[in-house]
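Student: One structure follows; several queries about it will come next.
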Amino acid sequence: MRCPFCRHPDSRVVDSREAEEGAAIRRRRSCPACGRRFTTMEEASLRVRKRSGATEPFSRAKVIVGVRKACQGRPVRSDDLALLAERVEETVRSSGSAEVAAEDVGRAILGPLRELDEVAYLRFASVYLAFESLGDFEAAIAALRAESAGGGEPPVAGKPTTMPAATGASAVIVPVTTGPRAAAGP
């Protein structure tokens, strides 16, 4: 590492520590030429691949802006949005890939947002999942109700989910998509 003071091409690492809850490494360095010390931060880059094929750095701020629109008029604090964005980044980074699809970021938002506020979840899901009809909303609401009643994850559109019935038997709930998308298939 080049010394920022004397431009000597080499430096020695004196100390290394985790920073930003393990997302980065803080290194204290010493220059053998001038003897001055300086700090560097190392962080693995995470890039998001958009539908157009272009890539850009992952941004918690963009996650917050997108989710804030869904939360307008809802009792959701800025701190809650910051924590949600942090959880989304942790989820996306846990994939181990340096580049993730924008769709994966959207999917990572859905779970924490559902826990935070169901109305905001429906608003976000309606845009992210491209709801086209009232039936899409009804299916999403039915999935949320099923989750509340059964305490489990809501079904994914078009994917059957087995829920225990009161009689001990099981019922299969399949969210139905109506309109032009229904003919296209999953």
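Glycine too: its Cβ is placed from the backbone N, Cα and C atoms.
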Student: Of 23-43, 86-106, 149-169, which range does Swiss-Prot call region 'Disordered'?
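Tutor: When 23-43, 86-106, 149-169 are checked in Swiss-Prot, region 'Disordered' belongs to 149-169.
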Student: By DSSP assignment, list the helix, strand and coil residue numbers for the zinc finger (3-34), in that order.
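Tutor: In the zinc finger (3-34), the DSSP-based counts are 3 helix, 15 strand, 14 coil.
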Student: With helix taken as DSSP H, G or I, strand as E or B and everything else coil, how many residues of the domain 'ATP-cone' (46-136) land in each class?
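Tutor: DSSP composition of the domain 'ATP-cone' (46-136): 56 helix, 9 strand, 26 coil.
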